[in-house]
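Listed in Swiss-Prot:
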type	residues	note
BINDING	H264, H325	heme binding site
TRANSMEM	14-34	transmembrane segment
TRANSMEM	104-124	transmembrane segment
TRANSMEM	130-150	transmembrane segment
TRANSMEM	161-181	transmembrane segment
TRANSMEM	200-220	transmembrane segment
TRANSMEM	272-292	transmembrane segment
TRANSMEM	294-314	transmembrane segment
TRANSMEM	317-337	transmembrane segment
Amino acid sequence: MTRPIVQKGFHLRAVRWWLVLMALLIAAMVLVGGATRLTESGLSIVEWKPVTGTLPPLSQEEWSQAFDGYKQIPQYSEMNAGMTLEQFKTIFWWEWSHRLLGRFIGVAFLLPFLWFMWRGMLPSDLKRRLWIIFGLGGLQGAVGWWMVASGLTKLVEVSQYRLATHLVLALLIFSAIVWTVRRLSDRPSLLSPMRLRVTSGILLVLVFVQLYFGALVAGLRAGKVFNTWPDIDGSFIPSSARLFFEQPWWRNLFDNTLTVQFEHRMMAYTLFAIAILHAIDAIVSRAGAAVVRGALWLAAAMTLQATLGILTLLHEVPILLALVHQGVAIIVLTLAVVQAERLMAGNAVRQRQGLGVAAG
């Protein structure tokens, strides 16, 4: 049987909208994951059953078994001793929803992907990219269980290292999809100063570093201490004796709540300054309306995010405000990806043609 011929304009639009939907689902997944963490729900399911775990407990006996499993881990005895079954159900549903959404994303990616390939809609370069993204998605599921497993034995919470890895990998997949969607757009290439391309790339890299630091803050609950601003521990820059009291010194960068919060603050200031300079440079360089708009939107989002971060800290991490802070972080990342891709697209005409899009 011969496959039907599909018009290029139509099939590229279909692929783009599918990828946009996948990016939105991943953003939702990150927010649900954030709510799961903030409600202390992440360890409520102590088993990893990729297929049979799709169904929640359906009887009183099954609920009792799930609750008994939770009672065996340190978090229950040290943090939630005396919790009722109804209280357990609340945290269970958060974690179950998070895992179910992950399974749904996997299916929502794989089935259309296979269909698009069967219809011959995907050029070879695009297929390779999408297979890599799918592989990263599978890895993300394994990393999620690796993270949960860290809190089932001696710890009462998951490892902050694994939490940060889980978050950054999710947002790396999200960014790869956003970048790919951009590369499927038919746009004229831009001639922009090299320094704008460099600063956009630096901003994107530092946003990922900041996301990692933010996950460390969350994992260590470092946002619930040193709740003053602009000072921290009584001064703008704490003493080195307080910042680096653990040995070896580099462990403080990941384990010391003061150091982790301090580096998160300093990275925020750095990002804000570079974003402002990038916007000014785009305007002065007359880099084009799209580049200027992108730079201004990015600077505005950075300003909003910094403000939300300060408010979240001063109010000791209320759940709603913390989730808004996390949501705006995704917006900042999206704008950083779009701006970097926009400025680097001038050197990527061949890549866009390899994806089946003619560059103007």
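Glycine is no exception: its Cβ is also placed from the backbone N, Cα and C atoms.
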Counting across all protein chains shown, how many other Cβ atoms sit within 10 Å of the Cβ of H325 (heme binding site)? 22
List, by number or range, the same-chain residues at least 6 past the transmembrane segment (317-337) whose CB is under 8 A from its CB atoms? 27, 30-31, 34-35, 38-39, 171, 174-175, 178-179, 182, 200, 203-204, 207-208, 211, 214, 221, 223-224, 294, 297-298, 301-302, 304-305, 308-309, 311
Mind pulling out the one from 14-34, 104-124, 161-181, 200-220 with the most Cβ pairs under 8 angstroms to the transmembrane segment (272-292)? 200-220
Under 8 Å, at least three CB pairs between the transmembrane segment (161-181) and the transmembrane segment (14-34) (pairs 6 or more apart)? yes
List the same-chain residues at least 6 positions away in sequence whose Cβ sits under 8 Å from the Cβ of H264 (heme binding site), in sequence order, or say none. Q210, F213, G214, L216, V217, A222
Recorded stretches the transmembrane segment (104-124) and the transmembrane segment (200-220) touching, at least 3 CB pairs under 8 Å: no
Give the nonlocal contacts of the transmembrane segment (200-220) in its own chain as ranges (CB under 8 Å, at least six residues past its ends). 34, 37, 157-161, 163-164, 166-168, 171-172, 254-255, 257, 260-261, 263-264, 267-268, 270-271, 274-275, 278, 298, 329, 332-333, 336-337, 339-340, 342-344
